[in-house]
Amino acid sequence: MSNSAARQLRTALLKLGLGAILTTGCQSQAEEVVRIGFDDIHGWGPQDPPWLTDSTAHSGRWSYSLSIADDYGPNFSRSWAELNNPKTIRVGAWVWLPHGRITTALAINVERDGEKIYYKSMGFREVVKRYRSWELVHQTHELPADMRPTDMVNVYIWQWGEHHRMKCDDMFVEKLR
Amino acid sequence: MLLSESQLNHPVVQPIRGVLQRSTTIFLAIALHAVLLVVAYSVLYAFGVIQQLPTDQRLLTWDANLFHNLSQTGYDQATSGINAFFPLLPLVWHYTNMSAISVSILNACCTWVGVGLLAWSFQLSFRQILVALSAPMLFFGLVPYAEAFFFFFSTIMLVGLHQRKHGLVLVGLFLACLSRSAATLFVPAYLFAELLWWSRSAKLASLLRIITGLLAILTAVGGVMLAQYKSHGDAFAFFKVHDKLWGHKIRLPDVVLFSSGGFNILWLDAFALIISFICFISCAVLGIRWLKKSNPAEGAFPSKAVLFSMGYCVGAAFFIIFYQGGDLVGMARYVLASPFFVVLLWWCWTMPAPQQRKLLGIVVGTGLAVIVCMGGVWRFTSFYPGQAVVYFTLFLLYVVVYLAVSPNAARWYREAATGLYIVNVLLMVYLFVLFMQGIWIN
């Protein structure tokens, strides 16, 4: 192979690679379809729920405190239609972790007639590297191609293994396309 | 008494001078690295950047604690996770009764002597030795893990392969396979290296080398199985623990590769994956060349040590990709904390300039492919596209700089080596501190 041909081949490969990286899931402006904080919970009942805390919060005064005894933290469900029929969503939350020895994840599943058709989770240990401060975590999901309006998208925080106290605030879902 | 110029050039004196110069260079590089590592740690501690000093308790974290338990109790239960650990380090720990700090110092010495042996055998320059010593994942050689023993004995095996001293190969294979569960990676790698060099010596000699090498590996594995059988009655406990406790079953990976060690390790795992992909391509090319030519010319195949290293990296990548469902964790530890990484670097560094330019293209191309496999810029978990671009750019830059640590590659190879060394030492200290804080790395 001549030098110029080799150079052209290298340039083509480089362009192809960069193109692939930049276009993997090219998207338009994100549209926020769910945002849940915990500031409106306080005062609704005679007693606040045990998980509600005002020791620290990402926004406002109140946040969700996942206790050592809990396997599951805050969760919400929306039908696909309520999320504005997205193909790709970004699910995220602000979390406050005491240290890096936690086994907790932000998980999402999609249910159709009680049957799970999609599941994915993101361990906080993989993405949070600063502790005792509020950190943003988020993950992008390609939903199944055959989603139906009644399919339920469930988002929740799950703790397994060794349990530790952590806090969570401002969970959100964004429609990317 | 000083020798005159003519005496120094005497044919008897010259080789001795060469040996002295070489050993002094290696010793100085290792001593400088040890001092700089301690200085970097001390300065960061003095300024409050690092909060902890190493203690026995802090060093006994993750697998280190399991190694310590194994040294105290032996293989006590068939279902326990300690069956996955091989017994050489626990045996030494048991009989010497050392503290975790002492074991760490012993491990550091093993790792550094191992790099010294590689430097001697493969004629590495002063800067190349420093770069080899500072590979960030070699921090596993500074804690009570089996990586240091594995590094040292694998080095002996590689030196034996490179210098065609079969006795060293056998000792290295046996003791490395007693240090870590590497037999499943070693068998194909060893066969690959020996088969490609088959026609270089008499058939009987080649056959004997292969049989004795495989016997050395099987003896080590058989010894561990026998020890486990005598302890709790289950000779296959090792395999069962991998299967049932850690879910290591063969399956296709997830679409997006990730690392449960987190994004501060993912780029090192991805670096190891790039190396393994390139090794896979090289193995395929060399294998086809071997099949086509019954009597290949001198220089058709690289050193047996390089061939073995390639085979090992391909095996490691196969295990990680197809047994961990897309979780790359362990990739960097298997590849970058091993002497095989150093041998492959040496192979790259000694290539002529035109080949190095081609290699640069292959490395960048493979790097981009790996980035796409990790989700690309838009799908990179918990990173917005701009952040991901910075992360991946720095990652590719770091990988490419490794190639530049050779006068054949770039005019600024000295600056590249020095810069890389400084970055690596800081990374090594960072990973060491994370480890002591009990944060899962690998």
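Here the Cβ of each residue, glycine as well, is placed from N, Cα and C on the backbone.
Unlike curated records, TrEMBL annotations are generated automatically.
As recorded in TrEMBL, the features of this protein are as follows:
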type	residues	note
TRANSMEM	B:26-50	transmembrane segment
TRANSMEM	B:98-122	transmembrane segment
TRANSMEM	B:129-161	transmembrane segment
TRANSMEM	B:167-192	transmembrane segment
TRANSMEM	B:204-229	transmembrane segment
TRANSMEM	B:265-286	transmembrane segment
TRANSMEM	B:306-325	transmembrane segment
TRANSMEM	B:331-347	transmembrane segment
TRANSMEM	B:359-378	transmembrane segment
TRANSMEM	B:384-405	transmembrane segment
TRANSMEM	B:417-441	transmembrane segment
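In this chain, the transmembrane segment (B:129-161) lies apart from the transmembrane segment (B:204-229): fewer than three C-beta pairs between them fall below 8 angstroms, excluding pairs fewer than 6 positions apart. A contact between the transmembrane segment (B:359-378) and the transmembrane segment (B:167-192) is absent, since fewer than 3 of their C-beta pairs, 6 or more residues apart, lie under 8 Å. B:265-286 is the stretch from B:26-50, B:167-192, B:265-286, B:417-441 with the greatest number of Cβ pairs below 8 Å to the transmembrane segment (B:331-347). Taking every recorded stretch in B:98-122, B:265-286, B:384-405 and counting its Cβ pairs under 8 Å to the transmembrane segment (B:26-50), the highest total belongs to B:98-122.
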